[in-house]
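> Before I ask anything, let me first share the structure, which is written out below as structure tokens.
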Amino acid sequence: MSQSKEDKIRSILEAKNIKSNFQNKENLSEFNEKKASKRAEDLLDVYYNTLSTADMEFPYWYNREYRKSDGDIPVVRRAKALKAAFSHMTPNIIPGEKIVMQKTRHYRGSFPMPWVSESFFVAQGEQMREEAKKLASNTADELTKFGSGGGNVTESFGNVVSIAGKFGMRKEEVPVLVKMAKEWVGKSVEDLGFHYEKMMPDYDLKENLMSTLICMFDSGYTLPQGREVINYFYPLNYGLDGIIEMAKECKKAVAGNASGDGLIGMDRLYFYEAVIQVIEGLQTWILNYAKHAKYLESIETDLEAKKEYSDLVEILEHIAHKQPRTFREALQLTYTIHIASVNEDAISGMSIGRFGQILYPWYEQDIEKGLITKEEVIELLELYRIKITCIDCFASAGVNGGVLSGNTFNTLSIGGLKEDGSTGANELEELLLEASMRCRTPQPSLTMLYDEKLPEDFLMKAAECTKLGSGYPAWVNNSNGTTFMMKQFADEGMTVEEARAFALGGCLETSPGCWKQLTLNGKTYSIAGGAGQSAGSGVHFIANPKILELVLMNGKDYRMNIQVFEPHNKPLDTYEEVIEVFKDYYKQAINVLERANNIELDIWRKFDTSIINSLLKPDCLDKGQHIGNMGYRYNATLNVETCGTVTMVNSFAALKKLVYDDKAFTIEEIKDAILNNFGFKDALEVGNYSMADQVKVDKTGKYDAIYKACLDAPKYGNNDLYADNILKNYEVWLSKVCEEAQSLYAKKMYPCQISVSTHGPQGAATLATPDGRLSGTTYSDGSVSAYAGTDKNGVYALFESATIWDQAVVQNSQMNLKLHPTTIKGQQGTKKLLDLTRSYLRKGGFHIQYNVVDSETLKDAQKNPDNYRQLMVRVAGFTQYWCELGKPIQDEVIARTEYEGV
């Protein structure tokens, strides 16, 4: 929106006594400034004042036991190492907590896993040592530097060393990390993966794709698990003792029995032994917290606090062994199991699933018995939100900033349908919404599985929540999701009933589930949970505009001076020839990245076997096989992730229009303009990463005409078939190409079309594009969002463009919209927001999410981050604190089209 138009709107609003320089205060006031409980607010303050901390306690005990168990069966050896690590975790209970335990001994933080990937720590070892040697200094300047990033420790200070641009580690622990990392050189999943990848004849191509950021990162050793839905059924139904007894009985039945396959039948014995070892470690971990709570009770003088510690002791001692009896016990157990799951591996996106339906049995029975009130439930859910927000994922700076933006994608799905096709909404899900409105934290993000059968008041409640500006719930088309389940998993026996059990894994990965029959106090309930492999551990983020760049540059990356692909040496005389070379390069990229990823994940499943997640999900316990042996019910989950789709579409449209249809410019003139960035500085030099505030250096006007023509060329998002058909043709082709790819489980793959935060770094690695985007600026976000400022014909024209193709045949698509808060003010505004959402989903859109925020607020927050510690925005499938986002993503969010009328 132009400054003059924005000023005019602002003056009109102010004339009516409506202030527009806010995020969502008008909408907040509608709901009487909903606030969290005093207890939750106090603990949220603890979170705000806590830095992300990395420590070596868990890895130390893991590594020590792993060495000690050398020579044992790999899966049992790993189980013993995990058992030792969990058993030795130092308990830490913050005063006022009713839900306890966390990833480490620190309130917020994580730990490195050099057995998965150690090269970063080895490479940075000397630098970290030097940082640790520096004299301690606690200057205000240093505090300000890392404070501006919220909980991120972006620079070293005092006795704290910054690692990966996010975590702080005490300097005395740094030598332990470096020493341990060196022990894993040549033996980690990462190093073994590199060793065997090099045996591929086209390994050099794979390395070129990685070094030029055409592919964002290797998933096999970076984030091998996650972007999936956890399953809490077995602990909730049987208790931990019950699972141990089950494993012991199964162990007796399978010992020495090959069961006819001659390959993995014998592995069942070792898997069941590993299950027993790990659960014993988890029980010790829980009971250590119970002992700590008992100690705190003994020294507490306040009678109310003393009673709370006593309650914690009883809860923890019970759930360490038995099925939970109450809602609070069930909530504590599911949270504990969740932390255990994400501590097992380098994981982001271990999503919670249909939580309101999973915990409903305990909620229903406690309410009926008068054991708990709705307000008490809401407070517990507020506390749960804070605990989930405390989860950090330890990864390299590139992954943390360039993909995760500090988020861990623990998505909670609401709505959808039950097994019998009736509405999945219930009273507990309404309370989950209420808790998220009162206690606005980035985690867990909510996703509404929209279905026409859901009650209107439930949907209105969700729309009210969205209006508050937290970015959630996002809205997903339940019908599309079940259709995709049936298509992708038909060969593995997917039924319509089972398809209804799906939920969102990670930020937006449609993930298969199943129904299990849970019995509580003699009453049986059907609950959903995850039943599939990682739905996001395939080829990680192909940069679509970068592939097109290399088509134009004959396979060469001029920024890096690397010949990535073999030169095609074609004159590109026709548009069809451009498309032909693009498809060839794209298929080459998928093929080599898919095979390299298969090698990495194969090594991961052999040496870093998942035990906790395996024992949780059907049908591993029934089969006696872990995830690596396809113990899960659904295994065709690995995908090909892409980024920058609309930037690519707009670029193709510009080439077609300007070079081949109108013949206004030659392909050589376009290439020259791109190499010279249309006469502008690179965004990296300027320090601004949207198209705003870029600096022109060419004074001759040589590129003015071609630059204007590129900007004026047809753009996606305006219901213009010239551009939109390019998207349609690409989507049809991409789906077929991905199905030709094969994961290590010999299953077909599929497209995953989300940007997360990759449109920032991948945009930074890309020259100017034919659509007029300048070098180093971010790509378009999502996959069907319009490029910032190019959707000129309103939101409904954008919806027409987005639904020109069948979005139900792929895992997902992503639509981000930014609305001015006054646009949806009041009850009518809530209805308007719901109608807007419905209109898109009814047209076949898969996903839509909103930022309800004034751009001026974001600009001020960028300049004065300390004044906006609690400000949250929706990025691309997830919500994050504004001050913890990198500037490229901040610039992109600010630049998004802001709709004042819908």
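In case you wondered, yes, glycine gets a Cβ from its N, Cα and C as well.
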> Please pick, from GLU249, GLU427, GLU641, the residue that Swiss-Prot records in the 4-hydroxyphenylacetate site together with SER348, CYS507, HIS540.
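Checking GLU249, GLU427, GLU641 against Swiss-Prot: the 4-hydroxyphenylacetate site match is GLU641.
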> Just how spread out is the 4-hydroxyphenylacetate site if you go by the largest Cα to Cα distance in Å among SER348, CYS507, HIS540, GLU641?
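Greatest Cα-Cα span of the listed binding residues: 15 Å.
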> Where does GLU509 (active site, proton donor) sit in DSSP terms: helix, strand, or coil?
strand
> If one looks at the chain holding GLU641 (4-hydroxyphenylacetate binding site), which residues at least 6 apart in sequence have a CB under 8 angstroms from its CB?
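Correct list: GLY536, GLY538, VAL539, HIS540, PHE541, ILE542, PRO751, CYS752, GLN753, ILE754.
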> Taking every protein chain in this structure into account, which of the recorded positions CYS507, GLU509 has the most other Cβ atoms within 10 Å of its Cβ?
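That would be CYS507, with the highest Cβ count within 10 Å.
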> Using DSSP and collapsing to three states, where does HIS540 (4-hydroxyphenylacetate binding site) fall: helix, strand or coil?
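SS state of HIS540 (4-hydroxyphenylacetate binding site) = strand.
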> With DSSP as the reference, give the number of residues of the domain 'Glycine radical' (782-902) in helix, strand and coil.
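Output for the domain 'Glycine radical' (782-902) reads 57 helix, 18 strand, 46 coil.
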> How far is it from GLU509 (active site, proton donor) to SER348 (4-hydroxyphenylacetate binding site), counting Cα to Cα, in Å?
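That separation, Cα to Cα, works out to 12 Å.
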> With H, G and I counted as helix, E and B as strand and the rest as coil, say where DSSP puts GLU641 (4-hydroxyphenylacetate binding site).
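Note: GLU641 (4-hydroxyphenylacetate binding site) is in a strand by DSSP.
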